[in-house]
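Q: So Swiss-Prot has the following annotated:
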- 4-24: transmembrane segment (TRANSMEM)
- 34-54: transmembrane segment (TRANSMEM)
- 87-107: transmembrane segment (TRANSMEM)
- 111-131: transmembrane segment (TRANSMEM)
- 167-187: transmembrane segment (TRANSMEM)
- 210-230: transmembrane segment (TRANSMEM)
- 241-261: transmembrane segment (TRANSMEM)
- 273-293: transmembrane segment (TRANSMEM)
- 312-332: transmembrane segment (TRANSMEM)
- 333-353: transmembrane segment (TRANSMEM)
- 383-403: transmembrane segment (TRANSMEM)
- 462-482: transmembrane segment (TRANSMEM)
Amino acid sequence: MNNFPWITSIVMLPILAGLLIPFIPDENGKNVRWYALGIGLLDFLLISYIFGYKYNIQDTSLQLIDDYEWISSINFHWRLGIDGLSIPLILLTGFITTLAMLGAWPIQKNAKLFYFLMLAMYSGQLGVFASQDLLLFFLMWELELIPIYILLIIWGGKKRLYAATKFILYTALGSIFILIAAFGMAFYGENMSFDMQILGEKEYPINLEILFYICFLIAYAVKLPAFPVHTWLPDTHGEAHYSTCMLLAGILLKMGGYALIRINMNMLPNAHIYFAPYLAIIGVINIIYAALTSFAQRNIKRKIAYSSISHMGFVLIGISSFTDIGLSGAMLQMVSHGLIGASLFFLAGTTYDRTRTLILEDMGGIAKYMPKIFAMFTTCSLASLALPGMSGFVAELMVFLGFANSNAYSIEFRGIITFLEAIGIIVTPIYLLSMLRQVFYGSENLKLLKVNNLIDASAREIFIISCLLVPVIGIGIYPRILTQIYDLKTNAIIEHLEIIRSNSQIM
């Protein structure tokens, strides 16, 4: 345990600082914007300091542990810590949240409430990635749901009530299964505990372990999202403000993938061996179905939302591959998509600010009026379709090769999955390039040009996209800069699974 609670500090700073927002004198939201941005940046700098000076990249064990007893009767602890699985996503959370606050600069309606909710989400998402107590993990998982619901209700589009209700129903109902499984695992055996390390060391009857696995899988599949519990995402993205979309695409979806690795894969390995082939099948369905469905979307944000569902399918396939390179690719895909997805939704929002429409047919021919936005949108779309030299290409290639070379499956099964993956990789450029054509090329909408002032990107907007694209290109050129952070941890998980699989009769 640490002398100074480093991880508690980064988790609690945003929400505690947010509680001071009502006392800030402000009329037009200017002071609140700068205050929230300063807190977000301060927390991100603190995260960066911890990673640079306090975290040992060569140590696969849990580090910088904060452990305080909370409710002794059920052995519930405030237990936080970081390792190779959590630190990349904690860095991603700090980075994207800070940029999302800068992206929300034009918001003036209820600015104090808006930025408080952003800071509360910040704490909740950091808490999910840092929690090492399963009940605390559940509380943090729930903490970020309420801010998103309110952000949708107040700052959403015309169908915001429907989208917010659907979001809360899907995610809250899914979360119930986390609570059921958490108490089931904690109460099993002689020593009651929610400590993830202790729970992972328990030996459960295989039928009970499978039951726990299914409960967790339902909740995480909703958050990822995975087919068929994905339908909340396009509706939510379609109605949410684009700064909220940046957090949804950049961080929220990654919570599902992270939890599958941290809990299902790491703590319930026998059940994971049984379910892995089904995860691969669901992953392929995600890739193909969402890519094809994206073609039919007329709303630009819904189209990008379906592309997110498609890209998260690669995470499922990487998790199910039983290979070092496959799991490493899944982690890389989560970080890569977080950056690219946030950039695409931000650009969709800036385009809406100028055209006042999200319908693709109502746009067209605006490239010459907004050349900077056009250039940035094109670059981000190329990154999303996994252009070589971008992070998405490396991530998808690693997942593809990892599953193709897995010795856990028959050659026929591997062949079918990799073939369908390849189809998805081919289809993705078609709908993304089609989106670019509809928005920026073709005949001009004279009514659109007459009503709206199509000014080009501001310095603030260029700065945000540049910040998101620099790591995308950097990781694409030299992926080791990211993979070295978590490779030892993911390799240890795969080695543990291989030992269990070699002694198991499940597969």
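Backbone N, Cα and C atoms are what each Cβ position is placed from, and that goes for glycine too.
How buried are the listed features, and what sits near them?
A: Away from its own ends, the transmembrane segment (4-24) comes close to residues 31-32, 35-36, 39-40, 42-43, 46-47, 50, 54, 64-66, 78, 80-82, 90, 94, 112, 115-116, 119-120, 122-124, 126-127, 130 of its chain (Cβ-Cβ under 8 Å, at least six residues beyond either end).
Sequence-remote contacts of a segment are chain residues at least 6 beyond its ends whose Cβ falls under 8 Å from one of its Cβ atoms, and for the transmembrane segment (34-54) they are 6-7, 9-10, 13-14, 17-18, 21, 24, 63-64, 82, 87, 90-91, 94-95, 97-98, 101-102, 115, 118-119, 122.
Residues 141, 170-171, 173-178, 180-181, 184-185, 204, 252-253, 255-257, 259-260, 263-264, 268, 271-272, 274-275, 282-283, 285-286, 289-290, 309, 312-313, 315-316 of the same chain lie 6 or more positions beyond the ends of the transmembrane segment (210-230) yet place their CB under 8 Å from a CB of it.
Long-range neighbours of the transmembrane segment (241-261) within the same chain, counting only residues 6 or more positions beyond its ends whose Cβ lies under 8 Å from a Cβ of the stretch, are 85-86, 89, 92-93, 96-97, 99-101, 103-104, 107, 118, 121, 125, 128-129, 137, 141, 144, 148, 151-152, 155-156, 216-217, 219-226, 233, 279, 301, 304-305, 308, 312, 315-316, 319, 327, 330-331, 334-335, 337-339, 341-342, 344-346, 348-350, 352, 490, 493.
When Cβ-Cβ distances below 8 Å are used as the criterion, the transmembrane segment (273-293) is approached by residues 210, 213, 217, 221, 226-227, 230, 260, 264, 306-310, 312-317, 319-322, 403, 408-409, 413, 417, 420-421, 423-424, 427-428, 431, 497, 500-501, 504, 506-507 of the same chain, each at least six residues removed from its ends.
Distant neighbours of the transmembrane segment (312-332): 85, 88, 224-226, 253, 256-257, 260-261, 265, 276-277, 279-280, 282-287, 290, 391, 394-403, 405-408, 417, 421, 424, 475, 479, 482-483, 486-487, 490-491, 493-494, 497-498, 501; these residues of the same chain sit at least 6 beyond its ends, with a Cβ under 8 Å from one of its Cβ atoms.
Within the chain, the transmembrane segment (383-403) has long-range Cβ neighbours (under 8 A, six or more residues past its boundaries) at 280, 307, 311, 314-315, 317-318, 320-321, 323-330, 332-333, 335-337, 339-341, 343-344, 414, 417-418, 421-422, 425, 428-429, 432-433, 469, 471-473, 475-477, 479, 482.
Long-range Cβ contacts of the transmembrane segment (462-482) within its own chain (Cβ-Cβ under 8 Å, at least 6 residues beyond either end) map to 88, 95-96, 99, 102-103, 332, 335-336, 339-340, 342-343, 346-347, 372, 376, 379-380, 383, 388-394.
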Q: Under 8 Å between C-beta atoms and at least six residues away from its ends: which parts of the chain pack against the transmembrane segment (87-107)?
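A: Apart from its flanks, the transmembrane segment (87-107) reaches 10, 29, 33, 36-37, 40-41, 43-44, 47-48, 51, 55, 114-115, 118, 121-122, 125-126, 129-130, 155, 241-244, 246-247, 250-251, 254, 258, 331, 334-335, 338-339, 342, 346, 349, 353, 460, 463-464, 467-468, 471, 482, 485-486.
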